[in-house]
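Database features (TrEMBL):
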TRANSMEM  12-32  transmembrane segment
TRANSMEM  52-75  transmembrane segment
TRANSMEM  96-116  transmembrane segment
TRANSMEM  122-139  transmembrane segment
TRANSMEM  146-170  transmembrane segment
TRANSMEM  190-208  transmembrane segment
TRANSMEM  229-254  transmembrane segment
TRANSMEM  266-287  transmembrane segment
TRANSMEM  299-319  transmembrane segment
Amino acid sequence: MKNWLKTIRPINLLIIIITMLSLRYLVIEPVLVQLSAMLKTELVLQMTVLQFSLLVLSVILIAAGGYIINDVYDVEIDRKNKPGKNKVGQQISESLGLNVYYILTATGIITALSLGFWLGNYNLALLHIAVAASLWFYATNFKKSFLIGNLIISLCVGLIPIVVGFYEIVPLQEEYFHLSEKYKNFNLNFLSYWMIGFAVFGFLATLAREITKDMEDKKGDISQNAKTLPIVAGNAIAKIVVVLVYGAMIYGLYHIYVTHLTDSWTFWYFSLLALLLTVMLILTVLAKTKGHYHKVSNLNKVTSILAILYPIGVAYMLYNSNLL
């Protein structure tokens, strides 16, 4: 069991769960409560707790399967880059790993299809199928290719808030469209902007981390004829790309604060995130050893976790003041 837990990355799965719960219960629901009070009409979440739980379960099963198939196809390269860390090929046979991958992924897709049937919209399951297919092709063909693998994983991470938006916000817009006739300025489009904001942050943070990990694993990757950005263009170019990504994230936080969210909670929280991003930017420039890159990668994950906790303050303000 311990080996399986290490293989499916429980901390990463927990981050996915927290992200989805945070967006539903700390952004969307508080906004609906605030709007209900303002409009004197009840606006409620369109998915039941059970339906949302099935959504989360589907995402987690597909993600866990993705981690397993990734390790199945990384057995050889991990012997050089991370000796002893990959349990597949050692304590877990490759054939068993592959079978468990099929079971988890198939169960995740079936769960998504069942949820789509329940909600009356099978098209929603296409996102799950697309992500599952992307994770397969990432592991089997594109992980060590020039940037494509980095972009695939970054897009999959960025899709998590988008999935919440499709399942939660689109039905809300349809259910309460009639209110736009009664209230001239009423719309729920701004909720989509929240999802997009988290999606972009997740995409960029993951892209920077994946390129950093490629620099960390460069020596082992060369022995396996990989074509990652650091190998093809060199560490100097790879560092420039990572620095530009972190710079874009810092500017994005500044722009959102100045133009949209000018409250004190956002100021202090965004300042903390910007500080951490700046530290990562500097450490990336100075990094020379495998250990240096590993530290930057870990700090990146900590920053991502902090980012998904930002809605805690948002929910507090929505329940206690007029943030809208």
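Placed from the backbone N, Cα and C atoms, the Cβ positions cover glycine too.
Between the transmembrane segment (122-139) and the transmembrane segment (52-75) there are at least 3 Cβ pairs closer than 8 Å, counting only pairs 6 or more residues apart in sequence, which means the two stretches are in contact. Scored on C-beta pairs under 8 angstroms, the neighbour of the transmembrane segment (190-208) with the top count among 52-75, 96-116, 266-287, 299-319 is 299-319.
Tertiary neighbourhood of the transmembrane segment (12-32): same-chain residues 43-45, 52, 55-56, 59-60, 63-64, 67, 160-161, 163-165, 168-169, 172, 191, 194-195, 198, 202, 304-305, 308-309, 311-312, 314-315, 318-319, 324, selected by CB-CB distance under 8 Å and a gap of 6+ residues from either end.
At the 8 Å Cβ cutoff, the transmembrane segment (52-75) and the transmembrane segment (229-254) share fewer than 3 close pairs (sequence separation 6 or more) and do not count as touching. For the transmembrane segment (266-287), the residues of the chain that approach it from at least six positions outside its boundaries are 208, 212, 215, 239, 242-243, 246-247, 249-250, 253-254, 256-257, 293, 295-296, 299-300, 302-303, 306-307, 310, 313, judged by C-beta separation under 8 angstroms. The list of residues near the transmembrane segment (299-319) in space but at least 6 beyond its ends in sequence, with Cβ under 8 angstroms from a Cβ of it, reads 15, 18-19, 22-23, 25-27, 30-31, 33-34, 198, 201-202, 205-206, 208-209, 212, 263, 265-266, 269, 272-273, 276-277, 279-280, 283.
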